[in-house]
Amino acid sequence: MEGPASPARAPGALPYYVAFSQLLGLIVVAMTGAWLGMYRGGIAWESALQFNVHPLCMIIGLVFLQGDALLVYRVFRNEAKRTTKVLHGLLHVFAFVIALVGLVAVFEHHRKKGYADLYSLHSWCGILVFALFFAQWLVGFSFFLFPGASFSLRSRYRPQHVFFGAAIFLLSVATALLGLKEALLFELGTKYSMFEPEGVLANVLGLLLATFATVILYILTRADWKRPLQAEEQALSMDFKTLTEGDSPSSQ
């Protein structure tokens, strides 16, 4: 009798790309904190610094944690599918909660200062991204974690789930870049063109954000780095294929 199949080995370069993405993500979070601390006075909830909670939370939630959530199926290649699903979903929950705190912070700050809401391109994109993120999580939970969805429905929806997950992540990064530029223009005005230290730091932060997104997207699009099907997943896939071809799965 044959022994159990040995777990598939991760492609050689994958761990290095994942490690590089995490290094970039941590640097982005640290640089965001440094920018807010050095040039915007830091963060606080009950003061004029409440606005600064917004960019930090959005970078942590909708950029760093969302990117990590997308990598779960690449990093945990041989763990049980249920475990990876739960981790994938939980990371999105953490990202959503942190982003929600950031969203509340900016609306509270605007209310206290009497500023207008939702007039800029950044704010429109932000609301769109937040709504899409929440909808994606709800639909994903219904199909992949809630026990009522059939295997056939999951199989049909999976490509859309993967595509919109990556698209929402890229939109999140683009929205963060818009917000970064908007914050610089409001604060620095014409001094932005004079290579002010804050502007240079924020520009480097923007480049690192774009690089982080590029590395995440590259990892996701490498077909040979996809999570291999486990034995039980292969059996379900074969049974579904047999059913769709008009036969019944073998009962032997």
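Each Cβ is built from the backbone N, Cα and C atoms, and glycine gets one as well.
Membrane topology as recorded by Swiss-Prot puts K112 and R227 on two different faces. A gap of 29 Å separates the Cα atoms of S120 (heme b 1 binding site) and H161 (heme b 2 binding site). Sitting within 8 Å of the Cβ centre of H54, D117, L118, Y119, S120, H122, E182, and not among those site residues for heme b 1, are the Cβ atoms of V106, S123, W124, G126, G179. Sitting within 8 Å of the Cβ centre of R74, K81, H88, H161, K226, and not among those site residues for heme b 2, are the Cβ atoms of V72, Y73, T84, V162, R227. Of the listed binding-site residues, namely R74, K81, the sparsest Cβ surroundings within 10 Å are found at K81.
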